[in-house]
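Novice: One structure is given below, represented as structure tokens, and several questions about it will come after.
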Amino acid sequence: MALSRVERLQVWLFKALTGLLFALFRFFSPRGSAALSGKRLPPVGHPLLLESATQLARKIRRKEVSSVEVVQAYIDRIQEVNPFLNAVIKDRFAAALQEAAQVDKLIEEETGGEDVLEDRLPFLGVPLSVKESFSLQGMPFATGLVSRRGVVATVDAPPVALLKRAGAIPMGVTNTSELCMWMESHNHLHGVTNNPYDLERIPGGSSGGEGSILGAAGAVIGVGSDIGGSIRMPCFFNGIFGHKTTPGVVSHDNQHPQCSGRQEEYVSTGPMCRYAEDLLPMLRIMAGPKASMLSLDAEVDLKKLRFFTIPHDGGSPFTSPVSRELIDVQRKVAERLEADLGVEVREVRLPELRYGFPIWDTYMALRDDDGKPPRPFAELMGDSGPPAWPLWELLKWLVGRSEHTMAAIGLALMERTHHSKPAPFIIQQKEKLQREVEELLGTDGVFLYPSHPRVAPRHHHPLFRPFDFVYTGIISILGLPVTQCPLGLGEEGLPLGVQVVAGRLQDHLSLAVALYLEKTFGGWREPGGKP
């Protein structure tokens, strides 16, 4: 069914507004830093930086290496690459070294043996990076909002607390987009974060600082949150693994901003890492008592799964066409699955996907069970003060006086186009898509879907294509678990990848496929390394 006249007008208005904002941005914004143009990251020098967290924890328990050595290696790497990336916005290196020394002392005094330590403290002595929107005691908690400068977390967010309880050592907090609602990690408090594979490109958002420092081998494991692709886009653009958990399993408490309306039904917190074998143990820890909702201990026989591939969204007027190299690499995944496992990977088309953006936009604005709407983005921009006036902020931005980014101002402006009641046609399309996907996947199916229409864009270019995130966003609204998997480097030396989507609470299936894809396609590649 074609878009209605009103919907076509809405598409035109959206594109006209974003085109105007991008033109204004290009005209009035300062040029990028010439100091970083053409520069590349230093190569990875220390062999400990090329071990998974699981392997590092094992070596630390066995006293083959000390936690102090591992932590120091990561401190050195962060200090080496962060001037290029601006990913880590506040470190806690001195405290991390003290905690690492305590770990080494604990291991020396442990009498129960390695197995006891592994059971109680599976990530003992391993460095951890944390997205700044998660509360980490004693660290900044501003989420890129200038008015929150000086806000310091007094507690740990539950997933962070659980990882610390499992022995992980936080190294610092990483940059985000302003209020975590944009696909580029840029704000006027901490600046712009760069992609380790090309410093003139974005690392994604909102967990872009995490993606950047992980992709640069400045971290081995990290945590992110995702309501529209904020784990998956940074993982895709930076060539690492990430998992958007089935909603409701991992706590979203003590993060900023908090969800409102029905957004808790779509948001997920999950692991980000360079090595696929770390995903499942991280998720088991982060889920805490709710880990029992997932079948994380179940053996997965990939040969018994049903595989599907969806090459694109069917030609949405909101999104860019998927690039040829991403279509080709997804096809290669299907071919390898068939050749290696003897399975059939069936290509399917779901016409409702072309309405992905209006579905995401509509459902993000739904009222909760008490009839209360989500908190307007303009209110979030104002934090504890009065709401921001987006038109006034736009005028201030034009003369360099706004504390907000163009992306945040644009989102606040677009919110004003929302109808008071959701369009029945869009609700119908979502409900139909939900039924089709649930019937397709069942409890033993997975499908491949592009992570984004193209590889990592250049800085600020998403302002001109703001709806391309919907390749990840629509999966959030469907409430499905997804594992983002790297698939090597493309023609420009930038990471390729694919989303592996499973049925609700079937997270273990996509995690198992991630292990296979890492073995088959090589997983994370060092920036500047071979494709």
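For all residues, glycine too, the Cβ spot is worked out from N, Cα and C.
Pasting the feature list from TrEMBL:
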- K131: active site, charge relay system (ACT_SITE)
- S206: active site, charge relay system (ACT_SITE)
- S230: active site, acyl-ester intermediate (ACT_SITE)
- 69-509: domain 'Amidase' (DOMAIN)
Novice: Tell me the Cα distance separating the residue listed as 'active site, acyl-ester intermediate' from S206 (active site, charge relay system), rounded to the nearest angstrom.
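Specialist: Cα-Cα, rounded: 5 Å.
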Novice: K131, S206: which of these active-site residues has the highest Cβ count within 10 Å of its own Cβ?
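Specialist: Answer returned by the neighbour count: S206.
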Novice: What average pLDDT does the predicted model assign to the domain 'Amidase' (69-509)?
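Specialist: Mean per-residue confidence for the domain 'Amidase' (69-509): 97 out of 100.
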Novice: Counting only residues 6+ apart in the same chain, whose Cβ is under 8 Å from the Cβ of S230 (active site, acyl-ester intermediate)?
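Specialist: Same-chain residues close to S230 (active site, acyl-ester intermediate) (Cβ under 8 Å, separated by 6 or more) are C180, G204, G205, S206, S207, G224.
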